[in-house]
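Visitor: Can you keep this structure in mind? I'll have questions shortly.
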């Protein structure tokens, strides 16, 4: 790198310049050197050692004063060092950004005042330099001098420049000092940004092919019908009056016979390809595919490329500094705008944190209740249903009373300590012990009776307690859950049994949607002889889904259930080592080894089958499914690269703190991350070390979730408990929590028409246009800051990546 390029990089260093500021009598912070200039103009003696650059005439000093009032410290220093004097003269000559003289100056001429007024009337010119180029890379940024600082500088308040509700106090990018750097960047910087753009393009390709983008999902189209219909609103926003309505629970309204079941699709068929993935083709034409899904080889080539980029030293340093900059920018924003945010929030009628919509974006269904609730339920069944036959064990049917007598327990003996389902210190870094906590009193038979959908009583008890939890959710009105429910891939009829459990027991609510979790347990099934190869699991998981997509009448209950399913999750202990025994991974039908396939292999076969399925479902007008696996909780950070390519969002993601380049990519693409600090605290990472607050400050798309209330929560409202602990430990403001609640709704899989009611009719638009503060209680100023910061980062990527394309074209 030559000396000029090095100097340009040093000029744009993110290191803060030394501060030489003091408070004046009004409490405002001003620059000492600029104050001296103002004193000199007023006739006050100035130190003879004042640098020549600061001995400016009245026009120059005023221009510098006005800018310094709105610039951050290091940008102010940078501006002075790179020719403020010449800049002010240029702007004066071109009449592009002339400000009024301070009232205390005795050398102010009437021509200068007229020029200043002309400058105020052309606000667009005021935001440009003498070359006509914008001062900030983001066209949407509104950097207007705050009224208090205008008064201090002596400039009158002009109505045309009154700050809007979405503008915020912030330093501007001094492009006069960096324009040459932007126009002639170093080759290293071009290469780094080109790699970022390449990775983003790869993700866009995989997401588009698999129809995982929100705007591709038919359920987000205007004509989609939700059945049972969502509750009628009890408030008319037009007349601002309360409307008396009576909304019945969905379980009472739902009638399976009223559900529309379409007929067979004669145009398309499905079969297995060479990679043992299901593909969809024209009937009778196996070579005419509905979509070209990336092969296993293509996927691993792309994965290796991304891993190589993310582990490159300069790329890691670059991403780390960008993330540090984002965090520092947040700290400055929060320092200057905290009270304005609070003021807007207080003026918003009716809304506060408790009555904005929030979604528990990651919670396992079998652990959706707390211990006290489960204990009361077990005691109730022992009192009222003790003679009911509940399990077939040891060659005979046992009643509930006989089961507890075999355990030498009565209802009176039961307590929270007896259940022993809470994750205490002994589960830290012991996922095997944590899994045992799903067994009440350590007995698998009680888990089978009370916490399974597929048992002798057909999951009746689990349906009953789930309805009680749902009743609490519906009463709270503003809390919603996305429950993970298991399909193991051990047999072809699992999907039909699960769908029958949901439909027959009417476990249906407008507060609940489902994700199907796939445990990575091939090695156990292989050892017990349930499956012969990995292909058996893939077949059991996906063949019923392709069958019901081709002909919904072949599995009518499954078709109705899938309308309430958002997508797939992949679960298990990530800390297990992925040993690579093959130079080239075999396809599933040839994977007969006893070892479990690696995480990346599991994820690809979930992705490839879901991609073909989604293409077909979208063509038929059915809702599509997304991939939202557990990822980055423990184990190899490379799991996060696989998920970045293939998944719509992830759960946990705490290992992103170790891979800054991948974390930067997650920020740029706003990949949804459902974080559970209380869960991490019990298993893998103590609460104080959790990266959640840093992710939030930097602008990653994070939400809070409970994971397993049965193991981690003590109250009847585990989601509120999660928020409250985070607010206390991380000192989150009310606006912060409302922003997290809004994030959770955006990440969730509810239909667009429901999200419009929850967070605003234009929620899918970018920036302030997509925010409805009346519904979200998030001030426009916060949304504008988030959008402006992200836009600037994306524009930087596009700006510098274009240089490489231009060079290659030449």
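Glycine residues also receive a Cβ, built from the backbone N, Cα and C atoms like all the rest.
As annotated by Swiss-Prot, active site, proton acceptor applies to 652, with the evidence given as sequence analysis. The feature Zn(2+) binding site is assigned by Swiss-Prot to 362, 364, 630, 707, with similarity to another entry given as support. Positions annotated as substrate binding site by Swiss-Prot: 364, 433, 434, 435, 436, 437, 438, 633, 708, 709, 710, 711. The compositional bias 'Polar residues' feature in Swiss-Prot is assigned to 1-10, 125-137. Annotated phosphoserine per Swiss-Prot: 19, 58, 61, 138, in sequence order. The region 'Disordered' annotation in Swiss-Prot covers 1-61, 114-137.
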Visitor: Considering only the recorded positions 652, 708, 710, which residue has the minimal Cα-Cα separation from residue 364 (Zn(2+) binding site)?
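Guide: Comparing Cα positions, the closest of these recorded positions turns out to be 708.
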Visitor: Between residue 708 (substrate binding site) and residue 652 (active site, proton acceptor), find the distance joining the two CA atoms and give it rounded to the nearest Å.
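Guide: Taking the Cα atoms only, residue 708 (substrate binding site) lies 13 Å from residue 652 (active site, proton acceptor).
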Visitor: Between the residue listed as 'active site, proton acceptor' and residue 630 (Zn(2+) binding site), what is the CA-CA distance rounded to a whole number of Å?
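Guide: Counting only the Cα atoms, the answer is 7 Å.
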Visitor: On a simple 10 Å Cβ count over all chains shown, which one of the binding-site residues 362, 364, 630 is most densely packed?
Guide: 362
Visitor: I want to verify one value. Collapsing DSSP to three states, which class is residue 708 (substrate binding site)?
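Guide: Note: residue 708 (substrate binding site) is coil by DSSP, not helix or strand.
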Visitor: Excluding near sequence neighbours, so keeping only residues 6 or more apart in the same chain, what lies with its CB under 8 A of residue 707 (Zn(2+) binding site)?
Guide: 362, 363, 364, 367, 651, 676, 678, 679
Visitor: Pop the Cα-Cα gap between residue 630 (Zn(2+) binding site) and residue 710 (substrate binding site) into the table, whole Å please.
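Guide: Here the two Cα atoms are 18 Å apart.
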Visitor: Counting every protein chain present, what is the number of Cβ atoms, excluding its own, within 10 Å of the Cβ of residue 710 (substrate binding site)?
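Guide: Excluding its own Cβ, the number within 10 Å is 26.
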Visitor: Quick check: with 362, 364, 630, 707 left out, which same-chain residues have Cβ atoms within 8 Å of the centroid of the Zn(2+) site Cβ atoms?
Guide: 363, 484, 569, 571, 651, 652, 674, 676, 679, 705, 708
